[in-house]
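> Annotated substrate binding site per TrEMBL: Ser6, His64, Gly140, Phe141, Gly142, Gly143, Asp173, Gly174, Gly175, Gly195, Ser196, in sequence order. Sequence annotations record features per position, and here TrEMBL assigns divalent metal cation binding site to His31, Asp33, His64, Asp173. Positions annotated as active site, proton acceptor by TrEMBL: Asp33. Summarising the annotation, TrEMBL assigns active site, proton donor to Asp173.
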Amino acid sequence: MLVAPSVLSANFMQLGQDIQMVEAAGAQYLHLDLMDGHFVQNLTFGPEFIKQIRPETKMKLDCHLMVSNPDQYLEQLAANGADILSVHFEGNDHIHALLQQINGLGCASSLVLNPGTAVASVTELLPLVKQVLVMTVNPGFGGQQFIASCLGKMEQLAAYRQEHGLDFNIEVDGGVNSETGQRCVAAGADVLVAGSYVFGQADPAAQVARLLALH
Ligand code: DX5
Ligand code: ZN
C-alpha cells in the first residue's frame, strides 16, 4: 500500500515536523494540492513552496494541480523537485499534449478524474500515464465526505489496466479514512491520499500506519 498524506490539512506553523512525522511513519508520497482560486474556489501554494519542501524529505512529491492553465507551471515544478504531476481531465482542452509535456520533463504523469467524469472518457489517455487519480470528493477542500459511487471507477480502471497490459497506479483522493480506504483497496486502489484523517488527528503517525496496513 502506498500512502500520501495531504499537506492541505497539515499545520503550516509546524510543517517541517508534520512532514518528518509522516515520513518516519512510512508514508511514501507527500500529496501537495496546488489551487489557484479559479479552477477551484480555494487558494494554496505554488511552485516556490515545492522548492522549499524538496530538501526536507525523501518522499515522492505528488503534486495535484487544481489550477487553470497548468502548462504554465509544469516546467518550474519539475525543476523544483516534483516527482508526480497530476492534471485534471476537466478544463484542459489539450490534455493529451499536457501529459506528453509532463513525460517529457521526466516526471510521472498522472491524470485526475473528477467524480462526474467516466473512465470511458479517458481510455485513450491511459497508455500515456503512470498514475490515474480518482477523486472521491469534488476538488477544492479537505474534510469532505467520501463519494462511494466513484468506487466502480477504480474497478474499471484496474480491469482495463490488466486487459491492456498497462502499468499505471490508481490513486484515490477525498474523504479517505480506514473504512473508506479499505473499500478503495478492495476496488483496486494502489495509493491512498489522506488529509484530515492523518493531520486532523492527535497522532498522525498512527493514522498513516493504519492506512499502510490496509490490504
Ligand atoms: C481536495 C484535495 C485533497 C484533500 C483531501 O480537493 O485534492 O487532496 O487534501 O482531504 P481529505 O483527505 O480531508 O478529504
Ligand atoms: Zn489532492
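Each Cβ is built from the backbone N, Cα and C atoms, and glycine gets one as well.
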> Using DSSP and three states only, what is Ser196 (substrate binding site)?
helix
> Please classify the secondary structure at Gly140 (substrate binding site) using three-state DSSP.
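Its secondary structure by DSSP: coil.
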> What is the number of other Cβ atoms found within 10 Å of the Cβ of His31 (divalent metal cation binding site)?
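Counting Cβ neighbours of His31 (divalent metal cation binding site) within 10 Å gives 29.
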> I need the CA-to-CA distance for Gly142 (substrate binding site) versus Asp33 (divalent metal cation binding site), whole Å please.
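With the alpha carbons as reference points, the distance is 10 Å.
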> Can you name the residues of this chain that are 6 or more positions from Asp173 (substrate binding site) yet have a C-beta less than 8 Å from its C-beta?
Ser6, His31, His64, Leu133, Val134, Met135, Thr136, Val137, Val193
> Rounded to a whole number, how many Å is the Cα of Asp33 (divalent metal cation binding site) away from the Cα of Gly175 (substrate binding site)?
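Pair distance, Cα basis, whole Å: 15 Å.
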> Just to be sure I understand the packing, how many Cβ atoms besides its own are within 10 Å of the Cβ of Gly142 (substrate binding site)?
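Within a 10 Å radius of the Cβ of Gly142 (substrate binding site) lie 20 other Cβ atoms.
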> Gly140, Gly142, Gly175, Ser196: which of these binding-site residues put a Cβ within less than 6 Å of any ligand 2 atom?
none
> Within 10 Å of the Cβ of Gly175 (substrate binding site), how many other Cβ atoms can be counted across all chains shown?
24
> In DSSP terms, helix, strand or coil for Asp173 (substrate binding site)?
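It is in a strand.
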> Taking 8 Å from the centroid of the Cβ atoms of Ser6, His64, Gly140, Phe141, Gly142, Gly143, Asp173, Gly174, Gly175, Gly195, Ser196 as the cut-off, which other residues in that chain fall inside it around the substrate site?
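Surrounding the site, in chain order, are Leu8, Ser9, Asp33, Val137, Pro139, Gln144, Val193.
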> Rank the binding-site residues Ser6, Ser196 by the number of other Cβ atoms within 10 Å of each Cβ, and give the residue at the low end.
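Result for the binding-site residues Ser6, Ser196: minimum number of other Cβ atoms within 10 Å at Ser196.
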